[in-house]
Amino acid sequence: MNRKKLQKLTDTLTKNCKHFNKFEVNCLIKLFYNLVGGVERQGLIIGLDRNAFRNILHVTFGMTDDMIMDRVFRGFDKDNDGCVNVSEWVHGLSLFLRGSLEEKMKYCFEVFDLNGDGFISKEEMFHMLKNSLLKQPSEEDPDEGIKDLVEITLKKMDHDHDGKLSFADYELAVRQETLLLEAFGPCLPDPKSQMEFEAQVFKDPNEFNDM
């Protein structure tokens, strides 16, 4: 990408980006094109597909849960075209790395609301908790333990007692106890990997090669 084009793209994305300055946006754009490994070709979508993106989540941010990584990909891929483009990349990372509590709550809730109906149901909780808990070799039926966990979680978070979590339930619970933000699985980077990513990328995006 030539300098003029890069400059223009940086300006445009910086204008619409809350949490990064111009230098940082520029670094993230360069990193994006390094990761994609391609130049703009006429009529071809340049972006990170699901596998490339999951690889970044896994290697860079230590995520291991396939179901959650898939949902994070959908959270970034706003236009649902199966690819994270450069603007989705910068905006997604803005929230992912530096979002306010409000932004993060909205994002996490969308990740956990697997079928997109505006609620986190018992079934969805069951799937996510079963997925994120380590399988313990024991005589007991592990599903029973997870069902108990779902009930405990509901008791703690379901303020209007309708057997499922609305965003209002979730928001209230998280404001009282921030640890509940990622109650159903890690969908944000832990502080250590966030700091390492930022330190490396905002120093020299061209050196970011531990993929």
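Glycine is no exception: its Cβ is also placed from the backbone N, Cα and C atoms.
TrEMBL does not curate its annotations; it predicts them automatically.
Long-range contacts of the domain 'EF-hand' (64-99) within the same chain, counting only residues at least 6 positions beyond its ends with a Cβ under 8 Å from a Cβ of the stretch, are 9, 13, 16-20, 25, 28-29, 32-33, 45-50, 53-54, 57-58, 107, 110-112, 114, 127-128, 131-132, 185-189, 194, 197-198. The annotation domain 'EF-hand' is assigned in TrEMBL to 64-99 (among others).
The feature domain 'EF-hand' is assigned by TrEMBL to 100-135 (among others). Look at the domain 'EF-hand' (100-135): DSSP puts its residues at 23 helix, 2 strand, 11 coil.
Sorting each residue of the domain 'EF-hand' (145-180) by its DSSP state yields 26 helix, 2 strand, 8 coil. Feature annotation from TrEMBL assigns domain 'EF-hand' to 145-180 (among others).
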Study note, to complete from the structure: Using DSSP three-state counts, the residues of the domain 'EF-hand' (64-99) come to 24 helix, 2 strand, 10 coil
Check your understanding: Which residues, given as numbers and ranges, are at least 6 beyond the ends of the domain 'EF-hand' (145-180) yet have a Cβ under 8 Å from it?
Key -> 101, 105-106, 109, 118-122, 125-126, 129-130, 133
